[in-house]
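Undergrad: Relevant sequence annotations retrieved from TrEMBL are reproduced here:
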type	residues	note
DOMAIN	31-125	domain 'Ig-like'
DOMAIN	130-232	domain 'Ig-like'
DOMAIN	236-316	domain 'Ig-like'
DOMAIN	351-394	domain 'Ig-like'
DOMAIN	401-480	domain 'Ig-like'
TRANSMEM	503-525	transmembrane segment
REGION	529-563	region 'Disordered'
COMPBIAS	536-563	compositional bias 'Basic and acidic residues'
Amino acid sequence: AYTLTCLSGLRCESEYLKRGSSLETVSGLYGGTLVIPCNTGAIKAEDILITKWKYDKGDGLSGDLLVRQRSQNASIIANDEYKGRVSMAANSSLLLSDAKLSDQRTFTCMAVVGANIAEYPVNVVVYKKPTELKISDKAEELEIGKLTKLATCAAAEANPAVNITWLRNNKPLVEGNGISIHTSVLIDAMTGLSTTSSTLEYSAKKEDTNAQFTCRTVEEDLVSQPVTFTITYSTENVTLQVIALDPLVEGDNVTLKCLADGNPAPTSFNFHLKDEVVMVENANTYTITNVTRETSGKYKCSLTDNPTMEASKDIVVKYLNIILSPSGTVIRSPGDSLDPNLHIDSSDTTEVLWTKDNVKLNKELNISKVSYSDSGRYECEVTMGLLRQKASFELVVEGAPVIRQLSKQRGDDGQHKVLVCEAEGSPKPSVSWSVNGTSLDESPFVNGRITHRIKVVPTANLTVSCTVSNDFGTDTRDINVLSLFEDVRVAKQDQTDGDQTRLVVGVVVGLLVAVVVLGLAYWVYMKKSKQGSWKTGEKENGSSEEEKKLEEKVEENSQKAEV
């Protein structure tokens, strides 16, 4: 159906431009300016003679808004609420300011083109976001298992009315299983805006403690501030905590802490301390100070109003004590025995490590006969898990000094002699010589040993004494020292003796060579004699005599060679 409105000077029977039956819809925001298009480009603007806008009042009535002839300004003909709110754009669009919900109606653009009149109705929809999304009427606390009104979420002054969803920790809640949601919409008679309210009834669980509840609009994705609730429930479990250093050893403190899962939590507890029960109010801890090995045992805590609700824990106090005998400074004489006694008092198995002057020993300390080299600091370390105990003593071996070696050496330059006195004793012995000399050096006193050297230039044969002494005694040893001149004479004598020896050896070697030559000649002669055996007997007898003489000569030379 079409409504025909005739303008002055136009023929109503003119042919009308027709359009489809579906209306174009324009939407805008509440309070903003609506732009309602005319003819949507179906007719060129320069072909339009007259443009007129009107609106549907309802009940088949219409109201005029404004009209414009080609090449002229638009004239406002409205005399109602639209009088100061309408204007026309250059492209003939209707501009409607300060949009209200009452503007949700049909506006029609009439365009006169030649002898034809075309109508372009447009439906207008006005939207408005809620001013806020707020949770109110929050419950003071929630009881586990009881359906309770949790809160109300309201989205005020919206168009159209919004849909509200409840969320727990950002996960949507669905009705059923302890969840009930009631929604209502209230429309303001003056503005026509809607306020949507959603009330959540909820049956809380223990895990809802500290859970965050929010509400959200589905259309605008507007989210409220999160809220939390106090969840009340009776105590179901009690636990006992032992707060102490690890390991717990004698002298430490230990704190017992009783925890109950009820909300609100219990404020008083009973602590069962072996032979006594201590009630603690407005606290859940009890501290035992300066524990001993006797503190070890089972401890309990329970609720004062329900003693059957209890928990227990075992406390183990570990201990490690050692006594080393002897201790401090231990003095022994060379040859004495040393067998330390280490007494260990512990709550578990232990390991023992011995060191001497911070060097690890590979065996238990037991010295049958001590010597000066055994002097030093001995320490034992006993470990039991993380526990450690140490004890030590200082061994000092004391005795009269003894000279272990007294020797002499000729200097490298041959102009002096070096006398060396090696001694052993403790405390450190002093060293003295019976002759004056230049001190060469003295070795460090280590493990009861000391070496002293002096340089001397003897001009005559001497007997030199080295004397060592300390608080426990004295030892002296002598050594003969030839003068440097005597050393030269002895050296020459040694050279002469060597020449004579070489002469004798030469003579002996010459005799031995002569014997060998004669023997060889004899062997050759005998061989030839055997080859001439065919000769006469006279000749044989003559050969025998010559052979006998040759044998006697060889024997004589052999005896000389032996001499």
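For all residues, glycine too, the Cβ spot is worked out from N, Cα and C.
Give me the structural setting of these features: burial, nearby parts and distances.
TA: The helix, strand and coil residue counts that DSSP assigns across the domain 'Ig-like' (31-125) are 9 helix, 47 strand, 39 coil.
For the domain 'Ig-like' (351-394), the DSSP-based tally of helix, strand and coil residues reads 3 helix, 26 strand, 15 coil.
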Undergrad: Taking residues 6+ outside the domain 'Ig-like' (351-394), which of them lie with a CB under 8 Å of any CB in it?
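TA: Distal contacts: 246-247, 249, 318, 320-324, 326-330, 332-340, 342, 344, 424-426, 447-449.
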